[in-house]
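Peer 1: Here's a structure for you.
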């Protein structure tokens, strides 16, 4: 079983005696910067010149500097920008300002684990990764609670990297809920596998396949959408609340029996073999190389995939049906169809 840390396992004064730079001010960046500041930590935010986030960060009372100046001032740097941008940002704007005794923090291990970022030997390399989106991390902290975090140390140059990591996690509010000890390797590989095989790739293609099966068999697209996509939220909510057992307890006897007899026909040993192949590509670095190569080329594959998937018939059907639900109209007012959130 994993080792879990709580507030009593951390000394907040350790992080309060550091100069922290949060690089990036997106979903996670704003939560980290604000929570640390409200925990008595000296925080500055590092942003590129012209960033649209500068005004937002300053309006929330934070000191904003260029990335270079923020890193020069700080002795602890938390990198909270997209994976594909970290390598260049690190090489050009962060690495020149690192000194022995500094600490480099991440919320995801992709670039460190796969070797795209290699810190000097005299620098601590640590991770504090909230298991929730930034606005929830901030909301829970403000309400006196917290979101669970993953904590790990890749390089303990100072001899106190673990103490520093736990202190950071406490300032973030994560140890109110619990900090689960892991490693950069474990966090990175399980995170990528979950995204690709189950949560994003697996789920989206399962929904599409179910939709296609029903429509091809002559059923109305609207009925197919309701049955294989729209009701997904209810199912996921039950699983989040009480696991698969609560889901099966909550559904009808007919649905439960169908789960037992038909689920294994869809998710069979062949699917597990494919999942293992996906995991192999993650573990051996093949996926990382493919992703970075695509990003370095201007993301032609990603753009092609995105454009192609947007044309799937389930999208047009869902767009019309969602208009029938008045409470969904404003549920995603920060989403622009065809755009990318990052």
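Glycine too: its Cβ is placed from the backbone N, Cα and C atoms.
Sharing the feature lines straight out of Swiss-Prot:
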- 2-182: domain 'KARI N-terminal Rossmann' (DOMAIN)
- 25, 26, 27, 28, 48, 51, 53, 83, 84, 85, 86, 134: NADP(+) binding site (BINDING)
- 108: active site (ACT_SITE)
- 183-328: domain 'KARI C-terminal knotted' (DOMAIN)
- 191, 227, 231: Mg(2+) 2 binding site (BINDING)
- 191, 195: Mg(2+) 1 binding site (BINDING)
- 252: substrate binding site (BINDING)
Peer 1: Tally of helix, strand and coil residues over the domain 'KARI C-terminal knotted' (183-328) according to DSSP?
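Peer 2: Tallied per class, the domain 'KARI C-terminal knotted' (183-328) gives 125 helix, 0 strand, 21 coil.
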Peer 1: In terms of Cα spacing, which of the binding-site residues 25, 27, 252 are within 10 angstroms of residue 191 (Mg(2+) 2 binding site)?
Peer 2: none
Peer 1: Near residue 86 (NADP(+) binding site), which residues of its own chain have a C-beta under 8 A away, given they sit six or more steps off in sequence?
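Peer 2: Listed in sequence order, they are 79, 110, 111, 116, 117.
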Peer 1: Just counting, how many other CB atoms are there within 10 A of the CB of residue 48 (NADP(+) binding site)?
Peer 2: 15
Peer 1: Please report the Cα separation of residue 195 (Mg(2+) 1 binding site) and residue 227 (Mg(2+) 2 binding site) in Å, rounded to an integer.
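Peer 2: Spelling it out, the Cα of residue 195 (Mg(2+) 1 binding site) and the Cα of residue 227 (Mg(2+) 2 binding site) are 23 Å apart.
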Peer 1: List nothing but the largest Cα to Cα distance in Å, as a whole number, among the residues 25, 26, 27, 28, 48, 51, 53, 83, 84, 85, 86, 134 that the record says bind NADP(+).
Peer 2: 20
Peer 1: In Å, rounded, how far does the Cα of residue 53 (NADP(+) binding site) sit from the Cα of residue 227 (Mg(2+) 2 binding site)?
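Peer 2: Just about 40 Å between their Cα atoms.
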Peer 1: CA-CA, which of the binding-site residues 227, 231, 252 lies nearest residue 48 (NADP(+) binding site)?
Peer 2: 231
